[in-house]
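**Student:** Dropping the structure in here first, questions after.
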Amino acid sequence: MKLHVSPPAFRGRLHDPRTATSIGRWLGAAFAVCFVTGLISHFMQHPPGSLADDIPSRPVWGYRLSQGLHVASGIAAVPLLLAKLWTVYPHLFARPPLRSVKHALERLSVAVLVAGALFELSTGLLNTAQWYPWPFSFVPVHYAVAWLVVGALVLHVAVKAPEIRAHWTRRSSGTLALPAQDGPDRRSLLASVGAAVAAVTLTTVGQSFTPLKDLLLFAPRDPDKGPQSLPVNRTAAAAGVGRIADEAYRLVVAGPRSYTLTLDDLRALPQHEVELPIACVEGWSKSARWSGVRVVDLLERASAPAHARVRVVSLQLRGGYRVSEMGHRHARDPLTLLALRLNGEELHPDHGYPARLIAPDRPGVLQTKWVGRLEVTS
Ligand SMILES: Nc1nc2c(c(=O)[nH]1)N[C@H]1C(S)=C(S)[C@@H](COP(=O)(O)O)O[C@H]1N2
Ligand SMILES: [Mo]
């Protein structure tokens with residue numbers, strides 16, 4: 001007796017190549033933006049070797065825009081990916097499942113693409129919520145899998161080039177059986193996907209694009225919440241520094257001519273005011289008014305050479321963000337301050353009392369708080 005199982009029948013245009021291509025190009029665009037801005041963020045945080053000196057310190061909002069786009073395009077990709085998977089899932093039931101070596105390789109690349117894309121979007125999304133329910137370290141893994149996804153995506157687009165070309169030229173070919181006209185069903189599917197993308201974007205993008213902050217609904221961070229109206233990622237208590245006593249505080253500037261300043265010495269130096277954002281890699285961003293001493297003034301006093309880099313060291317004893325490095329463009333920028341005040345008041349302990357770094361066009365993780373030492377490095 002022969003057992004006959006017939007695969008489910010999928011008819012209708014919502015599962016056809018034209019719908020898949022329509023959604024796919026928006027998904028592809030979201031992934032492209034996400035990948036490029038991810039690379040920008042990666043290189044600004046971990047510049048390889050001599051590249052550290054090429055990182056620009058302007059425009060001041062550069063990293064804020066780039067990282068805002070990274071998180072927004074990742075969030076927009078979620079409904080797009082779900083819609084795309086729904087459109088193409090009948091292919092999972094196509095028989096025979098494997099037709100040739102070439103077909104098997106193509107299926108394998110799609111499996112890598114789908115798994116990698118789901119991994120990147122879910123880990124990225126949980127990261128914006130500062131929730132790390134996994135045993136590996138987020139940044140290197142998120143970065144490595146991004147390359148895997150992009151490789152599989154390029155392969156996928158190459159394999160599907162005939163379908164994509166047929167869609168763009170609106171030519172119906174016999175083998176691909178693309179309907180020449182769009183039907184109302186397809187239009188309403190695409191409109192719903194577009195509405196979903198608009199909804200998730202508008203209700204989250206306010207965390208970095210403050211004019212839309214009143215629409216925040218799902219965004220994990222409200223840019224207005226926090227001491228001195230500025231969010232905090234790691235509090236003084238969590239960092240183990242608590243409130244640093246004024247009398248005990250010293251700033252050491254280590255260079256060709258090293259020196260040490262007390263808090264009163266720092267307050268007596270020329271103070272400057274700047275308006276600069278904290279742009280956290282996790283997607284929130286907020287501008288504030290900072291005042292303090294120019295880092296370039298502190299470096300000149302130590303006779304630092306013009307091309308010197310600077311290592312900024314926190315009084316925090318443990319944790320990945322206690323040290324940050326700065327190329328000479330950031331170190332010499334007149335907007336780069338060792339800030340003592342925020343929005344007209346002394347820094348709150350959670351914002352780095354008594355002194356924190358604030359520099360233009362710089363990822364939030366590198367805006368070191370509770371600074372105790374500036375080291376001139378060559
Ligand atoms: N020493 C130290 N500095 C730090 C951090 C930290 O954990 N330790 N967190 C960084 C991160 S991730 C961000 S986004 C900003 C947050 O700055 P805020 O608390 O002033 O808003 O501080 C940065 N500076
Ligand atoms: Mo951050």
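Glycine is no exception: its Cβ is also placed from the backbone N, Cα and C atoms.
Since we're looking at a predicted model, the values are computed, not measured.
Among the features that TrEMBL reports, domain 'Oxidoreductase molybdopterin-binding' is placed at 243-377. Per TrEMBL, the feature transmembrane segment maps to 68-87, 108-129, 141-161.
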**Student:** Take the transmembrane segment (68-87) and find every residue of the same chain, 6 or more past its ends, with a Cβ under 8 Å from one of its Cβ atoms.
**Tutor:** 14-15, 19-20, 23-24, 26-27, 30-31, 33-34, 37-38, 40-41, 114, 117-118, 120-121, 124-125, 128, 189, 193, 196-197, 200-201, 204-205, 207-209, 279, 282-283, 285
**Student:** May I have the DSSP-based helix, strand and coil counts for the residues of the domain 'Oxidoreductase molybdopterin-binding' (243-377)?
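**Tutor:** Counting residues per DSSP class in the domain 'Oxidoreductase molybdopterin-binding' (243-377), I get 24 helix, 56 strand, 55 coil.
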